[in-house]
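TrEMBL lists these features:
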type: DOMAIN; residues: 9-116; note: domain 'SH2'
Amino acid sequence: DAGVHSKAWYAATCDRKTAEDALYQSNKDGSFLIRKSSGQDSRQPYTLVVFYNRRVYNIPIRFIESTGQYALGREKSGEERFDSVAEIVENHQRTSLVLIDSQNNTKDSTKLKHIVRVS
């Protein structure tokens with residue numbers, strides 16, 4: 001277990017659209033939640049959904065089988081790895097998370113500040 005089930009920011013049964021709608025409604029930079037990934041792929045079990053600058057970012061959380069750790073986004077050299085999904089959240093509540101907009105090729109960054117609960 002990735003340490004997600006008891007957390008306020010974990011929206012277990014939430015799909016992508018529900019998550020995005022909830023974040024748009026919050027309308028606060030740094031609002032976030034974590035949901036199960038749509039694909040149900042064991043290598044990418046969760047998605048971090050973040051609101052920033054009137055946009056919602058869906059960032060895949062990868063599970064690295066060789067180390068039993070988690071990482072954000074596509075695999076890259078020198079990436080940060082974490083022992084649990086909760087550690088990713090705690091880390092990015094303290095340090096900024098880089099948000100990459102692949103359509104406009106821009107980069108932003110925000111900390112995870114506001115937990116959004118999906119009813």
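Including glycine, each Cβ sits where the backbone N, Cα and C put it.
Keep in mind it's a predicted model, so treat the numbers as computed, not measured.
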Go ahead and report the DSSP secondary structure tallies for the domain 'SH2' (9-116): helix first, then strand, then coil.
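Its residues divide into 21 helix, 49 strand, 38 coil.
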Over the domain 'SH2' (9-116), what does the predicted model average in pLDDT?
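A mean pLDDT of 94 is what the predicted model shows over the domain 'SH2' (9-116).
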